Amino acid sequence: MKLSSASLASWALVGLSSFASAERMLYSDSLNPCQATNNFSATQFDVVLTPSNNSLSFSVVGVSTIQGNITIDLVVSAYGLQIYATTLDPCSLGFTGLCPMNEGQLNLPQSNVPIPASSLANVPGIAYTVPDLDAKVKVYFNSTTTGQSAACVEASLSNGKTVDQKAVAWALAVISGLALVASAITSGLGHSNTAAHVAANALALFGYFQAQAFIGMTAVPLPPVVASWTQNFQWSMGIIRVGFLQDIATWYQRSTGGKPSSVLSSLGTTSVEVQKRSMETVYKLMKRAAYQVHDSILRARSNAAGSNGQDTANTVIVRGIQRVGFRSGIEVTNIFLTGYIFFMIFVVAVVIGVLLFKLFCELLVKMGHMKGEKFLDFRNGWTTVLKGIMFRMVLIGFPQMVVLCFWEFTQNDSTAEMVLAVLTIFAMLSILAWASSKVIRLARRSISMHKNPAYILYSDPVSLNKWGFLYVQFKATAYYFIVPFLIYILAKGLFIALGQGAGTVQAIGLVVIEAVYLITICVLRPYMDKKTNGFNIAITVINFISAVFLLVFTGIFDQPGIVTGVMGVIFFVYNAVFSTVLLLIVLIASIIAVVAKNPDTRYQPMRDDRGSFIKSQSHLNHELDALGATARGESKHGWTSGKGARIEEDEDDSWSGGSSSNERQQQPFQGQQTAYGGPGGTARSQPAQSGMPAAQQQTQAPGYQASPYEENRGYRGNGNAATASPSPWQRGAGYE
């Protein structure tokens, strides 16, 4: 081997040497055939190279059709470069099972072969320390009679170090969840500008995590470090192993006519037999290696068969989504149901959390431990807020369910799971399509009535609480951008789900999709302000670069192995750095949003003037009640005492709908409008009419702007138009 080549690989990987451990070794416990004609079929192959004691330990179980004496050539390569080679003579080493070889079953127990220290000196030290080493060992069985190779087997090598860490996955999940919680708390405290920014960044961060998970789900031959890195994000797709949930998924599949796979159970049995014959250190490493198989096409030798463990050749092949499930310790046939169960758990947990928070707030208020104004918007309109939160859950889970549901169409694990996939994905598509069309209709109505899409979208709390998740992260004039965004997610998910048999097609499709979306977002800059645009454009740029790297990993450019290996490390490094930066930005913003007295000062007012339309219900109620009480000469405690104006739940009674306009034209003034666009009760409308001076009931104040209710519902078409006071939202936003 040329040292310059080793230096190139070492230079590219030097930043990862911190993963070193005290015991240095290379080992493997799986293998693949590496030549067309093989006279040897192994069901188990374990090899451990330990430089500390200059030994090579290996064991083999298989079936041979080779007869006669042989020599064994062992070649170790890393990142496409040969780093070690040696020739073994079974007869001189006393391997009775291999000297000579005979047809039939071969069972070679663990054997140790001394290796000269001078030979191991050529192995770069970084090979023992770099995580997810991209190395292989090839074993050639050469006939001493003909000198030709009678069989060849190839195994991936590992050093026991990996970037696939549960602690990393947990940290990513916790920070994402805390950001969403911080956004909700900030919104409840009335800091709408801060809440919008924190929520937008948190959702963008979560979307980036899902994009990383998409890379790992492709059927592309990924370098080991890339496969391990993307495995850290599979929790965002619901791919999380919990023992009893796997039992439930297997039971459900059996009970609905499916046939569960047995890949992991067979592999586990084989691994246990290996561990019993190994040294203590090897025992630990082998146990870990069973779930760290990182080849693009993993062949696990066992008694199972087929893609679901049903192949007569005793070879199980897992790619893409199946590979992700295998690495997570989830049977292939349980992947869809596992993701589905965790999505439902997520939704139910959020709903229960909202209900508990509502009860907790009310309890604190009654006990006098919290002021009545705290979270008043949420407490009065919590049902509408809950509906909006559930819509948000649909949007967050949309990428996950697009991939899993459409992939299930190709798997058909059971009839019930197929029905579940069909109902779920088309229900989500229908909900998001209808909600998007609702936002577009509201914005167009606002433009028609007020020459500004932000007016109705942000001044009507029913619309804001229900549909705001689709547009608050965008500037008001880009209210429609949720449609291109959903199309972008759907297109990516379809390529991942339906292209599992064609990794190159997946990579090309992702490059095209990411390029189009990047150009679109750079040209339109649809997000609420410059910082949010920069945040999302940066994520889109990284996603596009990752798609380009993925295309290189397919081997379509026929690049040397060292290029693929180094690019895999670069992929890990730049994504790790970028993820860290994003996490810090979101974490710091979330902390400030919760602890600062007035976090809105950190953000510039929106150019679309949404802030003038968004009014806190509690602040507005206090202002209106005080003004009304003063005008009537009454006490400050009026009809809203202890309750506040309610958030109207019927969208047809708010600006989000107008189906009752004809009825209101016939009965134009039976109820005064509430501060939230719903019809007020008699208790409010009567004092408002009787308590006002006569002059004010007959004339309008100068500069009065017509309320949208009047234009939309025909109030101006009857004699009571003059008595209808301006909308409280107009009064609060300077429209009087």
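From the backbone N, Cα and C atoms, a Cβ is placed for every residue, glycine too.
Lifted from TrEMBL, the feature list:
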type	residues	note
COMPBIAS	662-675	compositional bias 'Polar residues'
COMPBIAS	683-702	compositional bias 'Polar residues'
DOMAIN	24-164	domain 'ML-like'
REGION	631-736	region 'Disordered'
SIGNAL	1-22	signal peptide
TRANSMEM	167-186	transmembrane segment
TRANSMEM	198-220	transmembrane segment
TRANSMEM	335-361	transmembrane segment
TRANSMEM	389-409	transmembrane segment
TRANSMEM	415-435	transmembrane segment
TRANSMEM	478-498	transmembrane segment
TRANSMEM	504-524	transmembrane segment
TRANSMEM	536-557	transmembrane segment
TRANSMEM	569-596	transmembrane segment
Key: Contact between the transmembrane segment (569-596) and the transmembrane segment (167-186) (3 or more Cβ pairs under 8 Å, separation 6+)   = yes
Task = Go ahead and report the DSSP secondary structure tallies for the domain 'ML-like' (24-164): helix first, then strand, then coil.
result = 12 helix, 75 strand, 54 coil
Key: Predicted model, mean pLDDT over the domain 'ML-like' (24-164)   = 80
Key: Result, the transmembrane segment (504-524) in contact with the transmembrane segment (389-409) (3+ CB pairs under 8 Å)   = no
Key: Distal contacts, the transmembrane segment (167-186) - CB-CB under 8 A, six or more residues away   = 194-195, 198-199, 201-203, 205-206, 209, 232-236, 389, 579, 583, 586-587, 589-591, 593-594, 599
Request  = May I ask for the residues of the chain that lie six or more residues beyond the transmembrane segment (198-220) and have a Cβ under 8 Å from a Cβ within it?
outcome  = 172, 176, 179-180, 182-183, 186-187, 226-227, 229-234, 236-237, 239, 296, 319-321, 323-324, 395-396, 399-400, 403, 472-473, 492-493, 496, 499-504, 506-507, 510, 527-528, 532, 535-536, 539, 542-543, 546, 550, 553-554, 575, 579, 582-583, 585-586, 589-590, 593
